[in-house]
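Participant: TrEMBL lists these features:
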DOMAIN    64-334  domain 'G-protein coupled receptors family 1 profile'
TRANSMEM  51-75  transmembrane segment
TRANSMEM  87-112  transmembrane segment
TRANSMEM  132-153  transmembrane segment
TRANSMEM  174-201  transmembrane segment
TRANSMEM  221-251  transmembrane segment
TRANSMEM  272-295  transmembrane segment
TRANSMEM  315-337  transmembrane segment
Amino acid sequence: MLALSHYNSSASPLLPRLVNDSGGKVEVMVAVEGLLQQRNFTFVEPTTSGIIAVILSMTLGIISNIVALFILVNAYSLQRRRSKATFLLFATSLVITDFIGHAIPGALVLRLYLSGGVSPEDFDSSDGMCQFLGGSMVFFGLCPLFMGCAMAAERCLGVTKPLLHSSLVTKTRTKICLAVIWLLALSMALLPCFQLGSYTYQEPGTWCFINVLSDTKEVDVAFVVLFSGLGLMSLAVALVCNTISGLTLVLARLRRQPGSHHSAKSHDIEMVVQLVGIMVASCICWSPLLIFGLMSVIRSYTGTIGDDLLNYKTLMVMGVRLAAWNQILDPWVYILLRRTVLGKIYLIAKCQAGLRGAILGRWEPTSYPSSEKNEVNQV
């Protein structure tokens, strides 16, 4: 249900009265600006369908992450190859972070939905809950992006420089890397506590995020630029590393001698395929919010957002809803893109290709002599 609040300037009794005052021009301008702001204001109340969507999203995300976590923990306990164990340690940490990042902010958003959301006049008065929710979204948003970047870099080193990888990458250093990632994301989320940016309620009053649309200051612009810049840079580094890893594995496959077996390469292929899946999911889910937030804060700070304010509010809501799906899609990468599943898909595709080849073979010229061959035989 949409609750629209607006005034019609032509029907308002304020303008005729203000025109007759001694300071008419100034007061008319102030009144017109206020009326235009009220006229452009739109508040969308949380609906029952929104509550159902939040509950279904939380349920699906929690179940998906639990299943993926069970698979990864079981694979980690049975793994003997150090490179694979390091990858599984990264992947398990990512799934745990996604699980917590889906449960905590989701519960807070659900609470706001059930309470009817925050009224528009209280959007700027961020309370403790808004600060915590906004910080959680920044922290649990950056962590998967940083981890995906670190995993891609680790696999790129393992594929291109295996000897250097074996000497540099250890479980202890992997745990230190994870701690640094969590600490960096936490530092970013706590910047508003030091007056370096701010969190505020976002329309329709059921979630909090960095202030990008109203009364933006230099610190808000810097905060959004830093947040979006780090996120987009992580995606770009992951893209480059995964591309290098993929090309290296393809070239190694083409150069392989017939009859030779490289069991290690199958593990590398599995890990790179999973990393590509993570990267694609992160790009699709997070790029819109990172880009929309950057565009919104720049236009809001420069005062050029104008009549597009409502459109940018809609884009931000769409962006955050899409970003929430990243924590649902990540676990399915490990569920569906495992080596056993990929092997079955390969066998099915191979059988289908063989079946089509057998059908086409029945119609080969060697099976049915052509009229030209009959003529030659007759001669």
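Glycine is treated like the rest: Cβ placed from N, Cα and C.
TrEMBL entries are annotated by machine, without manual review.
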Participant: Between the transmembrane segment (221-251) and the stretches 51-75, 87-112, 272-295, work out which stretch tops the count of Cβ pairs under 8 Å.
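Facilitator: The stretch I would name here is 272-295.
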Participant: Do the transmembrane segment (315-337) and the transmembrane segment (174-201) share at least 3 Cβ pairs under 8 Å, sequence separation 6 or more?
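Facilitator: Judged by the Cβ rule, the two regions do not touch, with the required three close pairs absent.
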Participant: What stretch, picked from 51-75, 87-112, 174-201, 272-295, has the most CB pairs under 8 A with the transmembrane segment (132-153)?
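Facilitator: Most Cβ pairs under 8 Å with the transmembrane segment (132-153) come from 87-112.
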Participant: Using Cβ atoms and a strict cutoff of less than 8 Å, what residues sit near the transmembrane segment (87-112) while being 6 or more residues removed from its termini?
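Facilitator: Contacts with the transmembrane segment (87-112): 46, 51, 54-55, 57-58, 61-62, 65-66, 68-69, 72-73, 75-76, 79, 118, 129, 132-133, 136-137, 139-141, 143-144, 147-148, 150-151, 154-155, 171, 174-175, 178, 182, 205-207, 271, 274, 278, 324, 326-328, 330-331, 334.
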Participant: Over the domain 'G-protein coupled receptors family 1 profile' (64-334), what does the predicted model average in pLDDT?
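Facilitator: Averaged over the domain 'G-protein coupled receptors family 1 profile' (64-334), per-residue pLDDT gives 87.
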